[in-house]
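S.K.: Mind looking over this structure? Questions follow.
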Amino acid sequence: MLPVVVVHGGAGHIPKERTEESTIGVKEAARTGYAILQRGGSAVDAVVEAVALMETNPRFNAGRGSVLNIKGEVEMDALVMDGRTLDSGAVSAVRRIANPVQLARLVMEKTKHLCLTAEGASKFARSMGVPEVPEESLITDYAKMRWKKNLEPDANPVECQMGKMGTVGAVAVDMDGNIACATSTGGMINKMEGRVGDTPCVGCGGYADNKIGAVSPTGHGEAIMKVTLSRLVLFHMEQGKTPEEASDLALAYMKERVDGLGGVVVVDHNGTWAARFSSLQMSWAAAQQGKLHFGLFHGDHFTEPVEEHT
């Protein structure tokens, strides 16, 4: 069953003209992570590189392509967690960084802290030799259009949010049985300056534990934080539920308790995986035993050989 990597490209409503690109993006990310695992790379390597690839893809709400805050600026959050040691690293409200997930990994590996935020994260990035990029390089025309649309007096905030909840994430188990997760996001459209969501919060925006499994979620950050969604999924798995059952229970609780929609990708320590969501759509892909699994709508489960490129 090992190794395995599962990725998501965000939950919500994906406009028709972007569905194919979103699916291609998650498939490529899963292939990238799986290739690392096949070469004997670690689960941490796999999830970080899979997520970094999606951060560079302007079709996702992470890195380049991130949504804009109320001032029209990009502020990003990211998390990495190593299930072997329970070490984690995160950055929040970080600016002008092309790959926040890689900076989060540096926080995990080079500091005694779990999370650095805003200017402190920027100073740390500079000390690590991580280059700053011009903010304009992270802003797409699509993000600008959504920002302007949401500023209009008659804007439907629910419609605008559901159209771009595209947090990206990955979970993996490597050949040694070690588990990891990574999540990255630009956050909510037109959020207040300095708003931080679930993504960089351990137990909310991700969790990994070799004894149980790993989760990376997507959806409405405030709802995910209220129910500590990632740890809730793993709690159900500790009680003997499968990854799929645990995901469905946790997502149903979030909907019932705080009216929150979202999705998760999950693995357990045996390599059993799930990609489940309560939102309209979630682009996801998984690679295991030479097969690439992927989908977008409820009920989707397509497969093709991992090495087959579209």
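Backbone N, Cα and C atoms are what each Cβ position is placed from, and that goes for glycine too.
Below are the features listed in Swiss-Prot for this protein:
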ACT_SITE  T167  active site, nucleophile
BINDING   R195, V196, G197, D198, T218, G219, H220, G221  substrate binding site
S.K.: Looking at Cβ-Cβ distances, which residues of the chain lie under 8 angstroms from R195 (substrate binding site) while being 6 or more apart from it?
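M.R.: The list for R195 (substrate binding site) reads N69, E75, A93, G187, M188, given in order along the sequence.
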S.K.: Reduce the DSSP letter at G221 (substrate binding site) to three states and note it down.
M.R.: helix
S.K.: On the Cα atoms of R195, V196, G197, D198, T218, G219, H220, G221, which are listed as binding substrate, what is the maximum pairwise distance in Å?
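M.R.: Farthest Cα pair among residues binding substrate: 17 Å.
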S.K.: In whole Å, how far is T218 (substrate binding site) from the residue listed as 'active site, nucleophile' when you measure between their Cα atoms?
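M.R.: A Cα-Cα distance of 6 Å.
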S.K.: Going by DSSP, is G197 (substrate binding site) sitting in a helix, a strand, or coil?
M.R.: coil
S.K.: Long-range same-chain neighbours of V196 (substrate binding site), Cβ under 8 Å, sequence gap at least 6?
M.R.: D77, S92, A93, T117, G187
